[in-house]
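What Swiss-Prot lists as Zn(2+) binding site is 204, 208, 292, 294. Here Swiss-Prot flags 1-19 as signal peptide, drawing on sequence analysis.
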């Protein structure tokens, strides 16, 4: 009976439109797009690859205190010793010739005769030339990214951003949606940080939204499905990465929406599964607690990933959807 109810509810909500409409054009995003396309025309490095690296770096800067503030609208960070050269006596060198002599990578991108690490076009052009040394196809770009960052997680995240930007043709993908259909029977409160005992003492890394079996669970963002499957704690669960380096975790599902697979692009409001009570045991275990959606959010800062409280975000998305439907 639960399976039949789940199927009917999924069909009912599968074609619900995205909860958040397209945002008004942001002049900063528009200017970035102009720069990406300008550098692409010169270097043949795809604009969406440059945009993905820049987006990743912007996210990292916003979550790290050891990195300097960006000077312009481009966030790609190239350390002085790499820009000017490791043996360069002038770490702030902006002369292309002497930078080259000392094996720096800094280049003049706007034709003013200077290679300035604070200049948006110089930064983009320099990084594009670095990637160009590996090739213009996506596989070789990923090799170049790995040699630059030396972190598999970073390359994977940037690759997901590339997929998103390439698919949509723009970078304005910051919209969100509440994970359950509003005006249905659900309840939740702030439970992040509460104690949990199953599998050893630990804290609760999310918010539990209690609802009936089979209620559709929706993607909260534009993103890429990084993970789908069983976990002894979370049961049937899905993990989605958005363009803000935030990993959205949906657990204790009753099942997945048809066709959902890892590597797939999803949108805000798209049905990805249904509410259940799976978990706390081997595959198929269910019913050890009331049906609910465990929703978690994790942030990556280029070094590590940590959980943060999703409750304020859920409240904001819920309010926004109610306002949209007034």
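Any Cβ shown, glycine's included, is placed from N, Cα and C.
For residue 208 (Zn(2+) binding site), other Cβ atoms within 10 Å of its Cβ number 21. Long-range Cβ proximity for residue 294 (Zn(2+) binding site), meaning a same-chain Cβ under 8 A and a gap of 6 or more residues, is found for 206, 207, 208, 234, 237, 249, 250, 251, 252. Within 10 Å of the C-beta atom of residue 292 (Zn(2+) binding site) sit 21 other C-beta atoms, taking all shown protein chains into account. Taken residue by residue with DSSP, residue 208 (Zn(2+) binding site) is part of a strand.
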